[in-house]
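A short write-up of the structure that comes next.
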Amino acid sequence: MNIRIDLFQSVNTIFITLFALACTLPMLLVLVVSFTDEQTIMQNGYSFFPEQFSLEAYKSVFSSNGQLLQSYSISIFVTFVGTLAAVVMTGMAGYALANRQVRYRNRLALIFFITMLFNAGLVPWYMINDLLGIKDNIYALIIPSLLFSPFNLFLVKNFMQELPESLLESARIDGANDAYIAFRIVFPLSLPVLATIALFYGLGYWNNWFNAIMLIDSENLYPLQYLLYKLQSEINMINQMQGIAASNITAPTESFKMAIAIITIGPIVFLYPFLQRFIIKGLIVGAVKG
Amino acid sequence: MEHAIPKRLKRYGFLTDIRRNPVSYLLVLPALLYTIIYGYLTLPYMVIAFQKFNYTKGIFNSEWVGWKNFEFFFNSTAASMVTWNTIKLNVLSIFFGTVVALAFAILLNEIRSKLFKRISQSTVLFPYFLSWIIVSYIVYSFFGTEHGLINNFIERLGGEPHNWYADPKPWTWILVGLSVWKEVGMSAIIYLAAITSIDDSLYEAAKMDGANRWQQIKSITIPMLMPTVSILTLLAIGKIFYSDFGMFYAIIGDNGLLYSTTDVIDTYTYRTLRTSGSPAIAMAIGMYQSIVGFILVLSANWIVKKVNKDSAMF
């Protein structure tokens, strides 16, 4: 009996280990290629075990023109400002919808909810941004699509509804107004759910390139993900960044692209061990209280 | 007491509510304005589906053409192709995504080492954090024709390298695989939470009757998970007419050789708007997607309500 259970455990452990490897090894390949000598890539192709390692790609990245640095600052700025604004906006609205004193809260919630079921689609979205002048400027990377999600609103609202009403009631009896209750009591108590939506918003902003492909033309506004897209789809982009003629074949190109990809996910890899805990906790809270 | 409340309710108008809760209404205002602009003021633009739309003339002065834009789309071969691809890829992704996430959650739950459990759960969540552009780099490093890992491997075994980016057939499975790969960690968390909430006494009773681990999984865990599974599946089916544009456009982009199996409604609409520059036809396709999508969400919710009232969206 014991032997059988142990067999089950070990087969299971092996199986799960393989699965976990399948989720991480592909990214490791990109990492290894970024450190592979360009000549080795040309001769042997991509490999987990290259014959010749090289730092050329990274040297080339750091001596390239300012585009990478520019895109990095755009992405950081947009992620920071966008996430902050989005969390504040969602948290505030969540408070109003969870506030039992507001009699029309369910009808207000309906206004948000309907947009989850029916939306006009790409063309009107594009037209309204055009109308508001949200085009080829920094606002185009912050405002459309990402600034507010009804899904996150309902996650926050459900969490705030579960806070003990007696707590808020006693504050009201002590003469606290709505603003005090919202900012001093409800928001601090809702930090777990606010952190979770901050993570969703932040990841959304960092990984977004849809707004850029639809609304951005100027190169100095390219966020990182869009720069990566351009590097993949337009060969000239690499030469332009390296500041060399297209005929120069000794400059690293394959490893150069992969090095930029690695540099782009840097912040995520460093923050990921902390972030994933929030996701797991937040989702479980959402699922249980859903 | 019971008589007093309805009377007060009746006289309690919207404006009174605002006057009594000025702060709450102020707090909801930014989100409300945003939703009104992007969720409601976008609706009037849908009329351009019935126009010969011209940017300079705008929606008020463009010429009306009736159903012409719809006819143009539905008479093209693209209509059935993109509709079929959208549905096919979504159905396969939902099916395999559910099966893999479920299997992973059940197996992970059987692991006894807490540390190993936590590490593996975190690891499978890793792809969720990557952007589709990064994923497209990964795909390229595996399937790239000249230097890709797979062709590399085929050549070492003495085979002929395959031009993956020119052969549409395998891409159905590559795309389904990628979507499963990226989302499985997220779904597994939900299933693990559901497994944790199963009553322990059920397992105790089964053990007393001599059930082994496998029998316990088969007769307790899986049946107890079925309500969660069916609801998540139904809700996913409600979204079957929509695809993740970021995924398709990052990985396939404008590679026309692969359209026959990979072009979906969202990417086709995008190209109609941006590449061929016909917003009216793009709007007609968008309207087709919005309306069918809406009907699907309503039906899915209706069925969910029949299965389990508490899990319905509305």
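Backbone N, Cα and C atoms are what each Cβ position is placed from, and that goes for glycine too.
Annotated features in TrEMBL:
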- B:83-300: domain 'ABC transmembrane type-1' (DOMAIN)
- B:21-41: transmembrane segment (TRANSMEM)
- B:91-111: transmembrane segment (TRANSMEM)
- B:123-143: transmembrane segment (TRANSMEM)
- B:171-198: transmembrane segment (TRANSMEM)
- B:219-242: transmembrane segment (TRANSMEM)
- B:280-304: transmembrane segment (TRANSMEM)
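Residues 45-46, 48-49, 51-53, 65, 69-70, 72-73, 231, 234-235, 237-242, 265-266, 268-270, 272-273, 311-314 of the same chain lie 6+ residues outside the transmembrane segment (B:280-304) yet bring a C-beta within less than 8 angstroms of a C-beta in it.
With Cβ pairs under 8 Å as the measure, the transmembrane segment (B:91-111) is packed most heavily against B:171-198, out of B:21-41, B:123-143, B:171-198, B:219-242. Residues 104, 149-151, 164-165, 174, 178, 181-186, 188-189, 244, 246-247, 250-251 of the same chain sit 6 or more residues outside the transmembrane segment (B:123-143) yet have a Cβ under 8 Å from a Cβ within it.
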